[in-house]
């Protein structure tokens, strides 16, 4: 029986003679539809199309192979039914010639067949990515050297503006970033020149009509709408009476003011700016709490009004931080720098192109650009037109089919346009994809290409037509309902770039039979009542704030150090064990399509999806392992950190250059040579100044025969003989052959195979061999260049990922990134790490790039040393932020839609109560069943978004109860959700129980040695386990210590001594008294957002950077802090915790006045001076024998808060923000005396004279405390 297609699928399969866009929702069977369309085109009708007359473009090589295989299978099955069909036989014969390919592969084919048209050597090859990166670095180095030699002033200003503080590396990175960005477009050089010319602006009037100005206006209107909505809500509450009427005096005119701002914006940016500068918010009328009926209503009204005020003030103070005249002047000022930068980029591009031609290599960017060069011509007026080659393709291809169209970029779109009849008679482009799954912005994918057609194509007969596939054949109804609820509530044109409405919603298409005796595995037929399927979507939240029934004193040191990743992994471990072995004795079942029945869940049915696996996956693997859960993480990282790869790379380093102590010690310590730590120490003691290699040569030459053992000399000779042999062979052997020779000659390949996880380790070594083989095909040769090649690979690609040895049917839980899961499906999906904040680091860069809006840069005045964002950068930054968050929304959609039967979500929050309050606040200020896009934009993580959405759900009581939310619910939704929060203490308890069990298991199996017959082996094992290092007393002495750590160590020592004295003096009756435990801070009062230590750090930062000319008045200090926030030196939240009154008190104190007097008289004032010095190790460890350790030094590092010069010497000052009780100043001084004395000693050495006075200044006490001389 054939596949039963839906009406929409039938249309997508059979519609012809038009450009057709198929918007295929997740799980809608788009690949099956695409294959069926191709099969019908090549086998049915009066004139079936030969398959080589179709161009099928897929996103990956794997997808192309799968497509070809599916088509081949379909033709073969048809031939079984009709063996005599000549049409089928012909299509099967033509299949290998068919253009079912990625865009890069198609471009390569075009170039190979037309190389003569672009003057390309036919012997070209595709350059290795790392090889190309090395060439780029060489070209950049030469380019910069040439520019420095020219002594060009504009170039020097460019380096000064963008090069970085210590080198020009940052400018290097900017050039590479620009180059990679512009190469994703069809006309890179012209794009660059056009966008640079936008800086050549002369008047305010020229701003109007700029694309980035329109985007800025869109961003502003979003803010104004939010402000207006908040004010109208505040008005509605106040108008209800209850004593809030006085607020209306302010609110009414402020609503009118925001409306006038909206009108002014519609009339142009200049009118809006003038109106904004005149906008003001008066002091809110005072309303006493005692006089109102509802205190919550008062707080909500006040909060809504204050939030709207902040929005308008942010527009005025941050977006328009300069006047429009200054904005125009700033852009004009940057024009020469941008022109110089674009010239550098174009010169780099030309040199790179020439170098590749010289080496006969192409990179992936070249494939698309050279293909386009072949496909286009220009007419007499310079307009683009198809070349003869392109016209031939237009005639050849009956249809061009593009899979995953939402991930196309602009240059690929241009190529498709050149080889198809999209814009001429007989249109023939078939595009299929889902814009909600466009998640490759980092590869310059442009979802707007899909959206433009999605909006303009029609759903009925037309030359440009669209068809919607909305039925999901993957997931259960429980999953579909959950997906629809979340994204109807959150996804919009603003965040997601598409309104998720009924038209976009998933419809149930999958048929999961009812669980009964007929469709369950035999062994479970008698347990039907005891079987479980599907269930609610689960949200599990880790509350990092902890459990209020536990104090910090009850947590051990290990527990204190546990981070949220480990704890979240434990939640997931518990959830997996609940699925695999429910405590109630039931069985969780999943439907197996191959069996056509329900079966018990297996580990391989479960996937853990993470936004990014780095720093997460390894921790998850370790933690889940303690639960006995088999798990595999496809991280794509960790390869270069494996012991086997590090060992071989260390060997290669010393073969290339043995004068590298770290690599030589690594090699000697490895199983290949088995040197011991004591032998290293003996070698080093022979000569402290020479390289180890030199010492080893001298040992072999017999210079130290009286000082070392024969065994050590024998080991050294063995090492040297092998090293000399390898160095000789490395000089003439190809690197890949040499590496395999090393594996064999050292027997290391066989050795790692006997280690735990040996198959994986050997596979990793084979990967290195294959990488060496790839290197041999590049233009670089020799061991030295191979090492550089590997080092560059580490930096540019991050890692190669461990070799994959896991089969698809291995029964393990898989951990993968959401990106890698795209196109896959799993019975159970656990979406982890949802509390991780969105990564917006790219938005902080000096230069932002946008395909449509151009270049966003700071205005930098090199001479005056000032820098601020241009208006254009504000616009581009806002647009990029919207695109980043829209992509995050789509990534979340991809994650949700991977689940077939069960979805479990986990995430962590710092403070559950505060998070729930924020979610409820966002929901309460949003109308209808949606969350206001402005509130969605405020979300910092997936968990924030999910939490906001669920406050409106009928199952969201748990969130609303904690967050005190008064919210209109969406009572019509069919999805079901369950919630559970986990406290830190609860998870620690679970782990301690596991540890106790493991310790018992180890204890019970600890008698194995006594059963061994080989006594020598037993003795050797015991000797190794009982080994004691001869300098054991020095092991606790660090090589490097900070002043703070040293101070703490002394305080602990004093505390311990005091404790012993107290214990000695206490009576036995006293000891029997119950110990009084300190009440945790979170039980006394709600935890502050910033710890005391963090606040202290912020205060120190302000004291370091504040302008000493502006510390007299509170307003001056407040303005200085605001500047630090604007420059992103402090976050807005950090700026709010700065106590400007305390800072003013310091500068008004006698000590502060002395500092200012020194500053104003031109004497030296230093702030935050870092230092490194050496002190005797005996200061740290007093029990060290001075005869042995007398000359041992420890490096001491610290930062001196401030010191200043007076007529008769220097004054040292250290700020403290600690809590201090009145009358306990002496104890406070003693606490820090050792620290201050160390600072004094250091300064005495630096200055060459004695520091005359030293002070502590307590911000808490608002007084200076003099440190007496010892």
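Think of each number as a place in line: the chain as shown, counted from 1.
Placed from the backbone N, Cα and C atoms, the Cβ positions cover glycine too.
The domain 'UvrD-like helicase ATP-binding' feature in Swiss-Prot is assigned to 3-476. Taken as a whole, the domain 'UvrD-like helicase ATP-binding' (3-476) shows an average pLDDT of 91 in this prediction.
Per Swiss-Prot, ATP binding site is recorded for 24, 25, 26, 27, 28, 29, 30, 31, and the stated evidence type is sequence analysis. Sequence-distant neighbours of residue 28 (ATP binding site) (same chain, 6+ apart, CB under 8 A from its CB) are 469, 470, 471, 472, 473, 509. DSSP assigns residue 28 (ATP binding site) to coil in the three-state reduction, outside any helix or strand.
Positions annotated as domain 'UvrD-like helicase C-terminal' by Swiss-Prot, on the basis of sequence analysis: 528-823.
Cβ atoms within 8 Å of the centroid of the Cβ atoms of 24, 25, 26, 27, 28, 29, 30, 31 (the ATP site) belong to the same-chain residues 33, 434, 469, 472, 473, site residues excluded. Taking a C-beta cut-off of under 8 angstroms and a sequence separation of 6 or more, residue 24 (ATP binding site) has the following same-chain neighbours: 12, 30, 33, 432, 433, 434, 469. Remark: residue 29 (ATP binding site) has 9, 469, 473 as non-local neighbours, by Cβ distance under 8 Å and separation of at least 6 in sequence.
Its Cβ placed at the centre, residue 31 (ATP binding site) has 18 other Cβ atoms within 10 Å.
Long-range C-beta contacts of residue 26 (ATP binding site), restricted to its own chain and to partners at least six residues apart, with a cutoff below 8 Å, comprise 434, 436, 437, 472, 474, 506, 893, 894, 897.
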